[in-house]
Amino acid sequence: MSPSADTPEISNSADSTVLSLKKSLCSEDSPLPIRFRALFSLKHVATTADDDATRVAAIEAIAAGFASPSALLKHELAYCLGQTGNTAAVKPLRQVLSDLKEDPMCRHEAAEALGALGWADNLDILREYRDRKEEDISIVETCEIAIERIEWENSAERQKEKLRPSDFASIDPAPPMPESDKEAEVEDLGRKLMDTNADLFSRYRAMFALRDLASPPDLPTATPAVLALAKGLSDSSALFRHEIAFVFGQLSHPASIPALTEALSNTNEASMVRHEAAEALGSLGEKDGVEDTLRKFLHDKEKVVRESCIVALDIAEYEKGEDAEYALIPESAGAAA
């Protein structure tokens, strides 16, 4: 969304901040953890700045990072763009999804981000790549889920559903299952999570309902919900498995450590799953043995796994309280306070 004629111009201080963060993000000489911190700082600006011009400038700075050779960084750029709720994010996301030379992990994240934005105008490109012959299965599945999310977002059914309040501020690939008069028990949601006869969107809804029953961690349903989610790491879909690992990263629940460690340690596992498991372990970095596990894979054969472990160890330092803020400027946490 380009600023209109009456939109306030970006202030000098905001312009200086965005330019400085963009420089850190786009510099191949900057350590990867610094680039990630710059990215989440730009996301903060893109979602909280008082004027549209500054928000758009931050989005454009994020999009400039797609020139990087790092698939890990680029997939995180796409995720952040999808969280902005701003039409300025649409063009770069469509370009990434359309680029058949781009890493499938980045293209999948771009498709998911278009779904998170929720606008029906993007159904055309999502249907195109869902139906494209010989398309990577993770992209086909992501487009399928994104289409259903957009259709749900714009449906009359959406207005009737009562959703359980969530501790998490993220825009998820699917909403949790709606509340009913008798709230679904963990066991029931676990069955729905693992029902391979159901469509992925429905299974994702069960996944995010279980996530919300696992937070805060002292809820009586928390550990059972985490253990139910862990069963999803045995699913046949790598996309599904990677989303389970992402949810574990949001929860930072110690009961997930064994399952995440197993996923990261399995060198036959898809790299998109292993990398997500590594980052999730980073959010648990204050727990005994987690940093040692991550260090074991700093020289993994898969670049995205190596880089994820570098970033995860940086996150672990933050989680241990050695840094005041993860972002270079204050960034709201994924889970609402």
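Here the Cβ of each residue, glycine as well, is placed from N, Cα and C on the backbone.
Taken verbatim from Swiss-Prot:
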type	residues	note
BINDING	HIS75, GLU76, HIS108, GLU109	Fe cation 1 binding site
REGION	156-183	region 'Disordered'
COMPBIAS	156-165	compositional bias 'Basic and acidic residues'
REPEAT	240-266	repeat 'HEAT-like PBS-type 4'
BINDING	HIS242, GLU243, HIS275, GLU276	Fe cation 2 binding site
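Other residues of the chain with a Cβ within 8 Å of the Cβ centroid of HIS75, GLU76, HIS108, GLU109, the Fe cation 1 site, are ALA71, LYS74, LEU77, ALA78, TYR79, MET105, CYS106, ALA110, GLU112, ALA113. GLU243 (Fe cation 2 binding site) and HIS75 (Fe cation 1 binding site) have their C-alpha atoms 14 Å apart, to the nearest angstrom. Long-range Cβ proximity for HIS108 (Fe cation 1 binding site), meaning a same-chain Cβ under 8 A and a gap of 6 or more residues, is found for HIS75, ASP136, SER138, ILE139, THR142, LEU239, MET272. Apart from HIS242, GLU243, HIS275, GLU276, the Fe cation 2 site neighbourhood in this chain, defined by C-beta within 8 angstroms of the site C-beta centre, holds ARG241, ILE244, ALA245, PHE246, MET272, VAL273, ALA277.
Cβ neighbour count for GLU109 (Fe cation 1 binding site) (all protein chains, 10 Å cutoff from its Cβ): 28. In this structure, the C-alpha atom of GLU76 (Fe cation 1 binding site) lies 14 angstrom from that of HIS242 (Fe cation 2 binding site). The binding-site residues considered are GLU76, GLU276; of these, GLU76 has the fewest other C-beta atoms within 10 angstroms of its C-beta.
Note on the binding-site residues HIS75, HIS275: the fewest other CB atoms within 10 A surround the CB of HIS75. HIS275 (Fe cation 2 binding site) sits 14 Å from GLU109 (Fe cation 1 binding site), counting Cα to Cα.
Put simply, GLU109 (Fe cation 1 binding site) is 13 Å from GLU276 (Fe cation 2 binding site) when counted between their Cα atoms. Around GLU243 (Fe cation 2 binding site), a 10 Å sphere centred on its CB holds 28 further CB atoms from the protein chains shown. Long-range Cβ proximity for HIS242 (Fe cation 2 binding site), meaning a same-chain Cβ under 8 A and a gap of 6 or more residues, is found for ALA270, MET272, VAL273, GLU276.
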